[in-house]
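Worksheet: one structure, shown below.
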Amino acid sequence: KKSTSTTTTTTTHSSKNEGKKISSSSSSNKKLSSSSTSHKKTSAKKKENEPSNSTTLPSSYSKKSPTSTTSSTAPKRKKTSTTITSTATTPKKRKSMSLPTSSASKKAKTGSLLPSSIKARPTVPSIDDDVPDITDSEYENVEALMVQFCRTPLLAEFSRPVALLHPELMPIYSKIVKHPIDLGRVCRSIRRRLYQNTRAIRLDMWRIFANCVKFQTDPRNRDSAVPSFVSIALHLRAYFNALWQEYMIPSDPPPPVSSASGSKNRLALIHANHSWEKREEARKARFIQLSTTILSAKCIGRAASAIQEFTDSGGKVDVLDEQRLFHDGEDDVETFVHLLQRLKTKLQEIASSNREYTMDELRRSMRDCILSEDLFE
């Protein structure tokens, strides 16, 4: 009897719980149905507010944009956005700005007597410019220049071909350097008078130093590269350029450019005036650097012999000078020559006594000869 009573009580409890669950599920279903009905109502209201399909929608209207249902100003904003996108997709063609033409460009269009190289950079010669043939006097000065240049003690690696000095480097050297040349070959060509003009001599000398820099800085030559050769090559090139200015440019100033008749002569005079002015600037810079340098006895003796040659030639520094500075029968010339002779004897005495004599003192002594009061009496 007790067992049957317990079973009946459990069944009654379970039935009660099931009834509660069923009631809760029914209430939740009612809530869902109410929410669905409210959603249907709101959607119907939205459809009523939306324009009908018969009306044509504007191009800027989009259903995804929330602003279309809130305010009437939304289409205006979308119009601005569409105009922006249209300008971004189809850019307007920019008008080509025409700069005002100057008088120089007008002259260039109409044509002028000067070639294009003078208009661009008149002082820098190009490789296409005509160069006159080398003369015998220029060959003499080139030989004197090379004698002075070959006295430097840093030319051992440049005097002969690399194939003779370092044959083990030829497999990689031939890949890097396409136009090998050495100093001995240039000197032989000068002695045999094989060069047609002075520009060819300068190009061959510059190629010697350029080949050295190219070979020592190439990444394929990392194992056998010697960085000190780069500084040596640059120093030798600067020294050669300084000697070229002193030996191959005449001491007489070139005539003015206005005296030229044709365009080629005008271009040659422009280059000559520029090189002459450049040498004067280099001399001033060199005097500033060497003003406190003490001259050796040999250098002082060479200065005395140069003064003697200058007076004997009538005021010519070398064979490139065409005009004589001194003429017989002039009192001022005789006074100036006498002052130079006195300076020569003074330099010879200083060289024999081994007394210290600086570059600045030599320059002042030369200036005293030119600006002496005896010349202006």
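Start at 1 and count along the chain as shown; that gives each residue its number.
Any Cβ shown, glycine's included, is placed from N, Cα and C.
Because TrEMBL annotations are produced automatically, they should be read as predictions rather than curated entries.
Taken verbatim from TrEMBL:
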type     : residues : note
COMPBIAS : 1-14     : compositional bias 'Low complexity'
COMPBIAS : 22-37    : compositional bias 'Low complexity'
COMPBIAS : 54-74    : compositional bias 'Low complexity'
COMPBIAS : 81-90    : compositional bias 'Low complexity'
DOMAIN   : 150-223  : domain 'Bromo'
REGION   : 1-132    : region 'Disordered'
>> Within the domain 'Bromo' (150-223), count helix residues (DSSP H, G, I), strand residues (E, B) and coil residues, in that order.
In response: 46 helix, 0 strand, 28 coil
> the domain 'Bromo' (150-223): mean pLDDT?
Replying inline: 93
